[in-house]
Amino acid sequence: MANEAVKYVWEGAIPLQIHLHKSDVASHPSPPPALVLAPRIGYLPLLIPHIKPYFKDSLPPGEDSIWFDYKGVPLKWYIPTGVLFDLLCAEPERPWNLTVHFRGYPSNILIPCEGEDSVKWNFVNSLKEAQYIINGNCKNVMNMSQSDQEDLWTSVMNGDLDAYTKLSPKLKMATIEDEFSRKASLSSPQSRQGATEMDVAGQIKTARVPVRLYVRSINQDFENIEDVPGIDTWDDISYLNRPVEFLREEGKCFTLRNAIESLLPEFIGDRAQTSGEERSRDDDNTEEADGLLREMGEIKLARIQGIEMKLEIPFSWVVNNLMNPEFYLHISVLVKAPQR
Amino acid sequence: MNSGREVSDGRLTVEGFSVAARAFADKWKIHNQSFPPWSWVPLINRTLHLSNQQEEGYLSLEEILILSSLEESPEDESLNVATDCLEKEESVDHTILNQENEAHYYDFHIVYSSSYKVPVLYFRGYCSGGQPLSLDVIKKDLPSCSVSLLHESKWTFITQEEHPYLNRPWFKLHPCGTEDWIKLLSQSSISTGCQMPVDLYLVSWFSVVGQVVGLRIPLEMLN
């Protein structure tokens, strides 16, 4: 089951329709848009070799500095393509219409990108950070041979899960025990670990999980998700690059909701899941209770790898199956802000 | 994780960072009066209205005007011209003339990294018109010993990354290995093993890191 989910994640792709920005069009008529299938776990600059041939005859003379925008918002090239799509398109747009620019790089907003090298550097850096969070140090990544590092990166660039699966064990990333298999393995010696945090197989009991949370906050309820207005700038998104402290409590399941709430404490308390709970909420009809409910925010939607997640899913499953190749779990969240 | 009074593994908790930051800012204000004070910027995020149950934030020192000294003496390898000069009667601003005779402004932020559990220095330079300065230009403003430190050492190198909260490119001093040299500092300064009181953490940290960007702190701050 786990392997199948990972396979889907690696095969996930977003159809893009890429338009050349009119200020870069030096030919007549202007070129038609390029249609490209972008891997979810990939990055926009890696698509440039596929895109440039479409437009090279239309470009004005000079050096290229390539960047993309969606409805005027410059796209951060170091965020995986799938995450950008989940975050910026409240209602998924297929194909996703983007604009490519070959001039006028907004260097006051975007960090520079020197093609594949920059993307690779960003990937390796994120991998080191993730390893530091998971293992407490990044020596395995640092000690990896140059050629292994190259091969790992190439497997990600090419979406080659088989090659990646052969190489990633060299990273010796500690794993999070799946809540599902926990019960089955209760009798095994590993589950009887006492004080030590890490057992021989590398399964951690008190774990830190690398998470990148992208939060879009709205002030009112919308009937349809497509009515949610788009963002004008990145200041409309709150970005939290912060590990989740995975709590293992006897008899309790640490869910995706628990994980998100640990990063956004002001959203704890939205429990309108079942009609039973709804009823008990109505019964508690004091002024104080109303005030409290009005104040709390609400998690409207959480998307990971394009999937609208049910918040009660065990977090361990989410991490083990939906994380990106650099071992980060990217979560796009739409919340309704607490009313104050 | 305890948010206790001492740090023994070279790393800080987020609460420890808040405590250490205030202690650092207070000492700086007292002992480093030739510089403007650091201010604490709380993370009151406009889209999230983060609750203040555990106030998080970062330290900010902005609009430091830097010009390099006209007569560069090898001993005076610091941007901080006035600190030890008690003779100076007129008030000095932290201005040193740079090679091009242009005013360069610098902003410094000390931000907590939850991943690495250590502080990280972010900085950027810009002209009076607001145009950002490239790293090559910035290096010309730094004292030459800083530049060689950058080239030689394995743990201090500068990368250009997005500021964790401001959606803009800033320069960052790489945190790798921070906890190791903080542990070393703890060993040498306090005889009771590797313990370092939380409120001295940033002072000790900055005594090393600040030098890389040419900001020296007076010795009195380390008491």
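Backbone N, Cα and C atoms are what each Cβ position is placed from, and that goes for glycine too.
All TrEMBL annotations are machine predictions without curation.
For A:9-102, the entry in TrEMBL reads domain 'Autophagy protein ATG5 UblA'.
Among the features that TrEMBL reports, domain 'Autophagy protein ATG5 alpha-helical bundle region' is placed at A:116-172.
The domain 'Autophagy protein ATG5 UblB' annotation in TrEMBL covers A:208-333. Across the residues of the domain 'Autophagy protein ATG5 UblB' (A:208-333), the predicted structure has a mean pLDDT of 81.
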The domain 'Autophagy protein ATG5 alpha-helical bundle region' (A:116-172), counted residue by residue under DSSP: helix, strand, coil: 48 helix, 0 strand, 9 coil
Summary of DSSP states over the domain 'Autophagy protein ATG5 UblA' (A:9-102), given as helix, strand and coil counts: 29 helix, 26 strand, 39 coil
